[in-house]
Every structure is written in structure tokens, then in C-alpha cells.
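Look at TrEMBL and you will find His234 tagged as active site, proton acceptor. Among the features that TrEMBL reports, NADP(+) binding site is placed at Arg45, Asp87, Ile88, Lys142. Summarising the annotation, TrEMBL assigns substrate binding site to His172, Lys176, Glu210, Asp229, Lys322. Summarising the annotation, TrEMBL assigns domain 'Glucose-6-phosphate dehydrogenase NAD-binding' to 9-181. If you look up TrEMBL, you'll see 184-461 marked as domain 'Glucose-6-phosphate dehydrogenase C-terminal'.
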Amino acid sequence: MSLNKAFTIFGGTGDLTFRKLMPAQYNMTAANAEEAQSRIIIIGRRDYTTEQYCELVRDWVKKFARLPYEEKTFEVFAKRISYFKMDISDLNEYARLSEYYTAENIDDHVFYLAVAPKFFGVIASGLKAVKEASLGKVILEKPFGEDLESAKELNKQLETFFPAENIYRIDHYLGKEMVRNIQTIRFTNPIFANLWNSQYIESVQISAFEDLGIGTRGGYYDTSGALKDMVQNHLFQILSIVAMEWPEQFSTTAMHDAQLRVLRALRPVEDVRDSLVLGQYKGYRQEKSVPTDSTTETYAALRLFIDNERWWNTPFYIRTGKKLRCREMQIAIVFRQTFISAPRNILIIKIQPNEGVHLQFNVKTPGDTDEITQAKMDFSQSSSISSRINTPEAYERLITACIKGERSWFSQWDQIETSWDFVEHLKDLYRWDKLPVFTYEQGSDGPAEADNLLKRFGDEWVF
Ligand code: BG6
């Protein structure tokens, strides 16, 4: 263990830390990763000793770590952890934290802000005041602000405390195995690469279904809604990877620029009725911390266009929602028909829970007939236990990438700003037109109006 390095988590007793960050760090320890050669300093308000905290973590690791729980490994992992009690909103407390780092000879940092954005500023200025900020990187969780204005303000504030190149904005979808696979599938296979445009692709459909509701996050979720919680960040990241031009080089800047050009080319919406449907699941208003008259959307379906030569005539359909019939996320590329009577070729990239690729194409029906049958070929990447055990989870990859300084795995400020702007404007149009937020049954596919959004234009959802 490099004793001078520390991975400090602000919000050390929160859900994210227990469910994702600590299991990820455990996996990294178990895999003997170089990036696990650091101390883990947990900052929390509660009165725990390090030993008590480690006992809590043990249970979460057992439940959520990718790699099997082993007593010996856990002991090694636990030796990395120290609990430091402090009130993060009290600027005076940071001197004490700094003294602690000095006493422990720690001078190389990654700070993970697993807290609400309202604390980002105070933590950053606290760390800057005691000069620790200049010794490390900072990882932020979304939401980056509550709207475009507050996101801008937050960004400005952060950049006064940390150099821009040391700020890592996490979008955990970018760490998902099949999201990383999109470029390989697309660019390295001529059968897809050469057809990846409006001439051959009729529509692109990105669906992110969740079967769970909002759980105990009502307070946050009701101020956010599906558009800001899922579309503006995760789904726009995916859209920009699917649609981007071949980056001239695989450098971080070239990748980010290619993605940003897609977001900037999103066609401004003229008639919002043709572009957006919002829904809310029945029973949402009875969820904890949700006002009984809330109109926050738990479902959104969008029909968008990208104004460039490659995509001018291909709609991008996006939909996501909570309390739907299943948990499934996939990207469907629907190719145009060549013969009117033949079914369309469809390529499906399955992101989760199963990871893989599915291809539908046409063959002759066997026997004395010229009829056409659809052949369905499946490649399942996640079916074997060994592949699951060997594939790092999103947070594990992203923590590792940050420590290595690989920025292409993180969202850039200009991407966030562009997508905030687009989504906010879209939502305003919806409101100004006084369009309803349609209710839908729990366990369904969302409101029927989302199906009509496609039907009106002769399309239908593939999934
Ligand atoms: C988070 C959203 O960013 O992503 C949650 O805030 C959502 O509302 C979650 O449930 C989905 O992530 P995953 O990895 O479970 O698809």
C-alpha cells in the first residue's frame, strides 16, 4: 500500500458509498489492482470508530461486490479504511482534516464527493483553504446543479478551487461494459460501419426501462424527474456515442469533441407534441417526500433529429421510465427495408441486465417456398459466470480510470452544458403548451401516448 495516497469519500455513510463505492474498492483490492494501493478515508458525520464502520461495510460488500466475499481479502481491504468524523459544512473543520493528512503523511489525493451538489462548493473551498485541493483530483456525482444556471455557477465555483483537468464528472453509464463496446461494434465491423447513416438506418431507439420506483429518493427525484435524472446525462451520452463521427484519433479530446458536435447538432424542436411525451406512474404521488400534487415526470419519450449530413433523416427515439414492466436497457438500430415485403434488419446492443448483441436478418423459409423468415442471432456476453466475474463494474472502472488520469471515461463540462440547455428548453416548451403528464400503470410499458408518438410517423418501438 502506498501510504502517502488516499481516496477520500465525502458522504461516507450514504447509499452510494455503501452500494457502489466500497464494493468497487473491495473488488479492486481483491483483484490486487495497482489503483487499490491507497488508503481510504471515509468522511462522515456519524459517530463511528473505524472498526464499527468496517463492520457495516462488510455486510454491503457481501451483498454488492462482484467478487466473492473472502475473510482474508476483507481484512486486507479493511486495513485500507479509516473513518474520520467531521461536519463537512463547517469550514473550520478542514484544518483538522489537513492536520490528519499531515500526521498520516498523505499528500496525494483523490476526493470523491458522494454528497448533494449543495455541498460541492463548501468542500472544495475547505480543501482549497488548507491547500489539499492542489494535491489531488476530485470526482463529482451528478446532478451537476439543478438547472443550467446552477450548473454553470457550480462549475465556475469548482474551477476556482480545482484545476479544470483535475475535475472528474462521473456518469456511471460511461463505465458500463456494453457502452464501452458501442464504438468497437460500430467502427471495427465494416458491415455496420459502412451503413451507419441516414441512407441505411431508419431509426435509432434507445430504451432504458427500470422496474423499480424512486424508493427513498423522493426529495431529490421530485425536483429532477426523468429528463434530468436519466436523459440529460446517461442517455445523451449514449446518443452521442452512437451518432458521433469517427474521431480522428482516439485521444480524449478528439472523442469529447466528436460527442459534443453531435449534441450541438441536435435539431431545435419546432412542435413539442412531435418530440416529447411525459408520464408519471400511478402511485408516485403517494411516495415518501413527494407532494401529493406533483407533476414530475417518471417517464419520458423523445423523438429527436441530428442536423448533420450523416443523420439528417433518421429519428432518434429515446425513452426511459421507472416502475415499468422490467429492467432492461438496449439500443436498437433499425435498418431501412430494401424490399417492401421483407422485415427490417435490426441490430440490438444490449446494455443491461444481459450484455450482448442481437441481430435480426432475413433467410428463406426452409422447404419448397420462397417465403421469408426472420433469423435471430444472439451473442450473449454476460451469460457465463466467468465473464461476469472478470468484467469490472462501472464504478470500479471509473475510479481506476480517474486514478490513472484517463479522462475519456468522464463527462466534460461543455457536453453537460449543451445537454442541460437542450433538455431544459424542451421541458419549457412542453409546459408552455400545457401538455399533460400522462399517468401510466405500474408494470406497463409507459403511457400509450409514447407509442403514438412513433405511430404517427409510421414507426414503432422495437423493444
Ligand atoms: C442514476 C439515476 O443516475 O441512474 C437513478 O439517478 C437511476 O434514478 C440509475 O435509477 C440507473 O442506473 P443503472 O446503472 O441501475 O441503470
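Including glycine, each Cβ sits where the backbone N, Cα and C put it.
From a predicted model like this one, the values you see are computed outputs, not experimental measurements.
Feature map: TrEMBL annotations on the structure.
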{"residue": "Arg45", "record": "NADP(+) binding site", "Cβ contacts under 8 Å, 6 or more apart": "Thr13, Lys85, Met86, Asp87, Ile88"}
{"residue": "Lys142", "record": "NADP(+) binding site", "Cβ contacts under 8 Å, 6 or more apart": "Arg169, Ile170, Asp171, Asn233"}
{"residue": "His172", "record": "substrate binding site", "Cβ contacts under 8 Å, 6 or more apart": "Lys20, His234, Ala394, Tyr395, Leu398"}
{"residue": "Lys176", "record": "substrate binding site", "Cβ contacts under 8 Å, 6 or more apart": "Ile351, Gln352, Ala394"}
{"residue": "Glu210", "record": "substrate binding site", "Cβ contacts under 8 Å, 6 or more apart": "Thr320, Gly321, Lys322, Lys323, Leu324, Arg327"}
{"residue": "Asp229", "record": "substrate binding site", "Cβ contacts under 8 Å, 6 or more apart": "Pro143, Tyr221"}
Cβ neighbour count within 10 Å of Ile88 (NADP(+) binding site): 19
Binding-site residues close to ligand 1 - of Arg45, Asp87, Ile88, Asp229, Lys322, only those whose C-beta is under 6 Å away: Asp229
Residues His172, Lys176, Glu210, Asp229, Lys322 [recorded substrate binders]: greatest CA to CA distance in Å: 20
Secondary structure at Lys142 (NADP(+) binding site), reduced by DSSP to three states: coil
Around the Cβ of Lys322 (substrate binding site), the count of other Cβ atoms that are within 10 Å: 24
Largest separation between Cα atoms (Å) of residues that the record links to NADP(+), namely Arg45, Asp87, Ile88, Lys142: 22
